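Undergrad: I am attaching a structure below and will ask some questions about it afterwards.
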Amino acid sequence: MNDTQDFISAQAAVLRQVGGPLAVEPVRISMPKGDEVLIRIAGVGVCHTDLVCRDGFPVPLPIVLGHEGSGTVEAVGEQVRTLKPGDRVVLSFNSCGHCGNCHDGHPSNCLQMLPLNFGGAQRVDGGQVLDGAGHPVQSMFFGQSSFGTHAVAREINAVKVGDDLPLELLGPLGCGIQTGAGAAINSLGIGPGQSLAIFGGGGVGLSALLGARAVGADRVVVIEPNAARRALALELGASHALDPHAEGDLVAAIKAATGGGATHSLDTTGLPPVIGSAIACTLPGGTVGMVGLPAPDAPVPATLLDLLSKSVTLRPITEGDADPQRFIPRMLDFHRAGKFPFDRLITRYRFDQINEALHATEKGEAIKPVLVF
């Protein structure tokens with residue numbers, strides 16, 4: 001550690017034990033070095049991944065979670081070339097920037113994806129966050145740890161944006177919204193004349209709907225048990241919104257809605273029976289995208305013969321196969337054109353309501369909570 005570090009004072013929501021509440025505490029954050037940037041957070045989305053890590057997915061404790069931040073650059077390290085103080089940015093996932101996948105424009109498949117985003121990646125030159133007692137707190141969750149008034153990210157995962165949209169609402173573009181829209185556009189390649197069946201009408205599923213409609217998909221069917229979310233899906237452009245519990249034969253209903261079967265389908269639940277329905281409703285030659293987090297021992301709900309005979313591809317998807325530096329500006333352009341109203345998914349919370357926002361996410365009471373500072 002560099003003993004001559006300068007620090008700023010901030011507030012951050014710290015998780016100290018598995019399953020525990022997040023406590024807003026005073027912290028000190030060392031100034032950025034190298035390719036790092038210090039961000040004053042304007043808003044940060046709450047994602048199911050935050051819940052998963054709170055509840056036991058292995059991350060180093062104590063930790064500051066949060067990985068859908070947006071804000072203003074306050075300081076930069078000496079190696080930063082594309083950002084300066086005053087720039088408005090959306091923060092996304094971390095990547096190494098130099099492996100083959102990163103070099104080829106696929107940072108979501110970075111060979112260091114797990115350690116850089118979940119594994120306690122270290123800051124440059126021993127930089128750190130200290131709690132009120134002077135003890136270190138892990139602070140590079142998804143390269144940002146943005147559940148706080150300030151965060152340190154890297155130049156590679158800070159995307160500069162314009163000043164024409166509410167900065168505090170843009171953070172979810174860096175993960176949840178990017179995951180859904182990118183799954184439809186980048187991974188499945190949805191376009192005019194094609195159809196898509198989306199299983200789950202949460203933030204990721206409805207973002208996939210927005211992405212599919214933005215690029216001209218013909219029919220988009222959302223399968224969701226919550227009546228309010230089905231209604232919202234129809235308002236956002238779904239051709240059909242089906243209640244899986246009310247359909248006697250769900251696969252038949254999807255095939256009827258799509259004129260014989262969906263070109264592609266997308267599962268956001270991670271549940272094997274649901275993925276089985278996605279496979280069954282997809283036309284031969286189509287792709288079943290999978291973004292939902294399954295249980296560790298969840299089986300694939302199809303035999304190899306099923307997949308071979310139907311010629312359906314199972315496609316696991318991380319972060320919408322997106323390069324955030326390119327895809328976040330594309331989503332914003334869709335929004336400016338009136339084709340991507342992602343703000344319809346957002347519910348605002350104050351930062352001191354963080355545990356309420358986490359609860360609302362867990363119970364499905366809010367589609368995309370955003371903590372506003």
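Cβ coordinates come from backbone N, Cα and C, glycine included.
So Swiss-Prot has the following annotated:
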- C47, H67, C175: Zn(2+) 1 binding site (BINDING)
- C96, C99, C102, C110: Zn(2+) 2 binding site (BINDING)
Undergrad: To which of the binding-site residues C99, C110 does the lowest count of other Cβ atoms within 10 Å belong?
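TA: Among the binding-site residues C99, C110, the sparsest Cβ neighbourhood within 10 Å belongs to C99.
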Undergrad: Please report how many Å separate the Cα atom of H67 (Zn(2+) 1 binding site) from that of C96 (Zn(2+) 2 binding site), as a whole number.
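TA: Cα-Cα, rounded: 17 Å.
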Undergrad: Below 8 Å Cβ to Cβ and six or more residues apart, same chain only. Which residues does that give for C96 (Zn(2+) 2 binding site)?
TA: C102, C110, L111, Q112, L116
Undergrad: Inside 10 Å of the Cβ of C47 (Zn(2+) 1 binding site), count up the other Cβ atoms and send me the figure.
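TA: Around C47 (Zn(2+) 1 binding site), other Cβ atoms within 10 Å: 26.
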Undergrad: Among the binding-site residues C102, C175, which residue has the largest number of other Cβ atoms within 10 Å of its own Cβ?
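TA: Its Cβ has the most other Cβ atoms within 10 Å: C175.
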Undergrad: Determine the Cβ neighbour count for H67 (Zn(2+) 1 binding site): the number of other Cβ atoms within 10 Å of its Cβ.
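TA: I count 30 other Cβ atoms within 10 Å of it.
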